[in-house]
Amino acid sequence: MGIMGSLWPWILTMLSLLGLSMGAPSASRCSGVCSTSVPEGFTPEGSPVFQDKDIPAINQGLISEETPESSFLVEGDIIRPSPFRLLSVTNNKWPKGVGGFVEIPFLLSRKYDELSRRVIMDAFAEFERFTCIRFVAYHGQRDFVSILPMAGCFSGVGRSGGMQVVSLAPTCLRKGRGIVLHELMHVLGFWHEHSRADRDRYIQVNWNEILPGFEINFIKSRSTNMLVPYDYSSVMHYGRFAFSWRGQPTIIPLWTSSVHIGQRWNLSTSDITRVCRLYNCSRSVPDSHGRGFEAQSDGSSLTPASISRLQRLLEALSEESGSSAPSGSRTGGQSIAGLGNSQQGWEHPPQSTFSVGALARPPQMLADASKSGPGAGADSLSLEQFQLAQAPTVPLALFPEARDKPAPIQDAFERLAPLPGGCAPGSHIREVPRD
């Protein structure tokens, strides 16, 4: 077991490099019928179909394992860390750069289709709008995140150094951005809400209903989650039936039996607050164009100063795909979830309420959050340009001859039309230092 545990990081690294070098062409290079297909798990309109399966059930169905002891994962979706890192709380943080932003370089596999890439970018946009976290194009940085459609939904906790893998299989994206947000919170250094040290005041773990051998996934731990009060509505909370043996609840809320746990829709207020506290995001962190967010200290939702660049680009993509999609395709009608609909954090559960119906309602269109129409100010933005601009797909380190050329995402952003208000698309990506 010890040998296998030490080999898993190397195995994941090799699989990641293989996926990057053998990735399929992007959707923009497909002809005709490619743009008319609808990925499994989505409606023709592009809205995600709600599934009963959460992260543990998805991984149990995709990853063959007998017990957690034989797995490279702990708590269902966390890559097993080395023993000394288990004792660490804050030394695996991502560093803060110039301007008060925390930049996390990322690389996206070519195997994702356009709709899946849009879901991932939507999750990036939520962090950009509410925190000082910025996911930027990989351009030779030493530490970066490689996002791949491997078997399951999993990631490591915090910055591990070098390339670290985040797996988001197609099944993980069927509900929309929720599972992506969950795994990215792990990347930022956060563990599961139901495993925090004070959880017994808020939930009861039904040990008799846990799948035999999987009890280890419910061990309490000291973690960065303790920066805020316990939150039933956290995107880091597992649902009632996690690792259930006979279909009975394994996690039972104590304060109210009807509260919804395990939501996979938005970052909750406490999720945003804990990110801002761990990374010391200032009250107002403007970017190079004077935009940013304001963190309110009274526990209420964070109020963005303006719509982020990524949100504007997502709007433009939605508008563009709606007008240029081939006949019969309805992917252009996808409803992109509005950001900022996070549920209220539970400062004290008895006095707080949580609307289950809020999760069942369709997400608010981004157009409703902006006075300008979708795609305004981006007349020359083509669907192909945007798909190239969404994410870098090939590490420059693998192709030395490309070192003097701009990264695909950078080159595409530079060819985009200016956004309203003189905001240059992808400006924070162009600021990433080159080797």
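Just so you know, glycine gets a Cβ as well, placed from its N, Cα and C.
The active site annotation in Swiss-Prot covers GLU183, and the record cites sequence analysis as its basis. If you look up Swiss-Prot, you'll see HIS182, HIS186, HIS192 marked as Zn(2+) binding site, on the strength of sequence analysis. Among the features that Swiss-Prot reports, compositional bias 'Low complexity' is placed at 318-329. The disulfide bond annotation in Swiss-Prot covers CYS132-CYS281, CYS153-CYS172 and is backed by sequence analysis. What Swiss-Prot records for 85-282 is domain 'Peptidase M12A', and it gives sequence analysis as the kind of evidence. Taken from Swiss-Prot, the feature region 'Disordered' covers 318-356. Positions annotated as signal peptide by Swiss-Prot: 1-23.
DSSP assigns CYS153 (disulfide bond) to a strand. Between the candidate disulfide-bonded residues, CYS132, CYS172, the densest Cβ environment within 10 Å is the one around CYS172. The two recorded residues, CYS281 (disulfide bond) and HIS186 (Zn(2+) binding site), show a Cα separation of 18 Å. The two recorded residues, HIS192 (Zn(2+) binding site) and CYS172 (disulfide bond), have Cα atoms 17 Å apart.
Cα-Cα distance from HIS186 (Zn(2+) binding site) to CYS172 (disulfide bond): 15 Å (rounded to the nearest whole number).
Cα separation, HIS182 (Zn(2+) binding site) to CYS132 (disulfide bond), rounded: 17 Å. For GLU183 (active site), the nearest neighbour among the disulfide-bonded residues CYS132, CYS153, CYS172, judged by Cα separation, is CYS153. The two recorded residues, CYS172 (disulfide bond) and CYS132 (disulfide bond), show a Cα separation of 25 Å. The separation of CYS132 (disulfide bond) from CYS153 (disulfide bond), Cα to Cα, is 25 Å.
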